[in-house]
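**Q** Once you've had a glance at the structure underneath, I'll fire off some questions.
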Amino acid sequence: MKIIPLFLMGCGGVGRQLLQHIISCRSLHSNLGVHLRVVGVSDSKSLVIASDVKQKELDDNILAEVCRVKSDGSPLSKLTSLGESQVFSSPESRTKVVDIASILGKSTGLALVDCTASSETIGVLKEGVDLGCCIVMANKKPLTSTLEDYDKLVSHPRRIRHESTVGAGLPVISSINRIISSGDPIHRIVGSLSGTLGYVMSEVEDGKPLSQVVKSAKSLGYTEPDPRDDLSGMDVARKALILARLLGRRIDLGSIRIESLYPEEMGPNKMSVEDFLNGGLVKLDNNIEERVKKASLNGNVLRYVCMIEGSRCDVGIEELPKNSALGRLRGSDNVLEVYSRCYSEQPLVIQGAGAGNDTTAAGVLADILDIQDLFT
């Protein structure tokens, strides 16, 4: 049986779903000859670790309790029935994670799994790299930090997986890596990489006002509590930056042209969520309606996409042919078109559910299993 020790950072929706996947897949993984030994779990304020990280683990009852406590919005310090396991609070948490990495990194190996949405994990991840750990990420912020941070994190390509930073469970990163390693130069990537904005743009195409569509998306749970977090385009820009850097572009977020769907005067610092939803949003309807009509006259549709071509890396609304993969996109699916020498006339198209805790956690789990050959 191959044992993969792992430490999970982040117990939000994705982190909890990952723990549930690990529990439910025990029989499947046993048949595959693999066991995921969870030695610790942390949130932003505390962590729980096995009493002996070299030999023991947090059993499935404790993992289920972690999911229950975090679902209630409580910190890990509220855990009960821990047996011999231990709970530590900040500021000890970071030190303990590094200690575990130093104990296991170059002996049994350790997968440091980042399911947070924070830049505060960057320091721990970088130390983990130096200590011989494998890094698995759903968190986009470490890979969109400075080039110095990025270079450190990707310095051992066999020991890093981050499929879920771009397309949740879709094979985006692995497909691009395969093309690159084959010597087939990629010259253009166009993608709709936000389930929220994909839904919004396909709905306004049907003649619905932007304000109505955004409110519907919020009620369906497609948007963040403040929809401007999606409408700003920053999430798509981070995904575009990860792809651009994968292609060898030495750029940062400041190099990307980002089109926000709302003006600066409606930003979070100047307008409350309620005022934006009840008064500001409707003022954006006419502009989008006119752009939709203009695109239709040209036989095109509007999609919110990332565009990477040559030195260009843009994020925003583009007119695209109705009969293209992106033009046919409906609902909250993600679509990516990759153009290279081999895929010149007909691009490689990757399409499917690109959002949601379940799908993202499944992608993280697949990434963990993908590095199993590095463990004894």
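A Cβ is built for glycine as well, from the same backbone N, Cα and C atoms used for every other residue.
Got these off TrEMBL a minute ago, pasting:
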BINDING   Gly10, Cys11, Gly12, Gly13, Val14, Gly15  NADP(+) binding site
BINDING   Thr116, Lys140  NADPH binding site
DOMAIN    171-369  domain 'Homoserine dehydrogenase catalytic'
BINDING   Glu224  L-homoserine binding site
ACT_SITE  Lys239  active site, proton donor
**Q** What Cα-Cα separation, expressed in whole Å, is found between Lys140 (NADPH binding site) and Gly12 (NADP(+) binding site)?
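**A** Spelling it out, the Cα of Lys140 (NADPH binding site) and the Cα of Gly12 (NADP(+) binding site) are 15 Å apart.
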**Q** Just name the most isolated of the binding-site residues Gly10, Gly13, Gly15, going by other Cβ atoms within 10 Å of its Cβ.
**A** Gly13
**Q** State the count of C-beta atoms found within 10 angstroms of the C-beta of Glu224 (L-homoserine binding site), not counting that atom itself.
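**A** Counting Cβ neighbours of Glu224 (L-homoserine binding site) within 10 Å gives 14.
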**Q** Give me the sequence-ordered set of same-chain residues, not including Gly10, Cys11, Gly12, Gly13, Val14, Gly15, with a C-beta within 8 angstroms of the centroid of the NADP(+) site's C-beta atoms.
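**A** Not counting the recorded site residues, we get Arg16, Gln17, Leu18, Lys70, Cys115, Thr116, Asn357.
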**Q** Per 10 Å Cβ neighbour count, which of the recorded positions Lys140, Lys239 ranks highest?
**A** Lys239
**Q** Cα-Cα, whole number of Å: Gly12 (NADP(+) binding site) versus Thr116 (NADPH binding site)?
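**A** Each residue's Cα considered, Gly12 (NADP(+) binding site) and Thr116 (NADPH binding site) end up 7 Å apart.
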**Q** Checking the recorded positions Thr116, Glu224, Lys239, which are within 10 Å of Gly15 (NADP(+) binding site) at the Cα level?
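**A** Within 10 Å of Gly15 (NADP(+) binding site): Thr116.
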**Q** Counting across all protein chains present, how many other Cβ atoms fall within 10 Å of the Cβ of Thr116 (NADPH binding site)?
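**A** A 10 Å sphere around the Cβ of Thr116 (NADPH binding site) contains 23 other Cβ atoms.
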**Q** Tell me the Cβ neighbour count for Gly12 (NADP(+) binding site), meaning other Cβ atoms within 10 Å of its Cβ, over all protein chains shown.
**A** 15
**Q** Whole-number Å distance between the CA of Thr116 (NADPH binding site) and the CA of Val14 (NADP(+) binding site)?
**A** 8
**Q** Might you list, by sequence position, any residue in that chain lying six or more from Cys11 (NADP(+) binding site) with a Cβ less than 8 Å away from its Cβ?
**A** Leu19, Val41, Ser42, Asp43, Val66, Cys67, Lys70, Leu76, Cys115
**Q** If I take the alpha carbons of Gly13 (NADP(+) binding site) and the residue listed as 'L-homoserine binding site', what is the distance between them in whole Å?
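**A** A Cα-Cα distance of 13 Å.
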**Q** Quick check for the class: what is the C-alpha distance, in angstrom and rounded, between Gly10 (NADP(+) binding site) and Lys239 (active site, proton donor)?
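**A** Pair distance, Cα basis, whole Å: 20 Å.
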**Q** Distance check, please: Cα of Glu224 (L-homoserine binding site) against Cα of Val14 (NADP(+) binding site), rounded to an integer number of angstrom.
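**A** On Cα coordinates alone, these residues lie 14 Å apart.
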**Q** Cα of Val14 (NADP(+) binding site) to Cα of the residue listed as 'active site, proton donor': how many Å, rounded?
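**A** Pair distance, Cα basis, whole Å: 17 Å.
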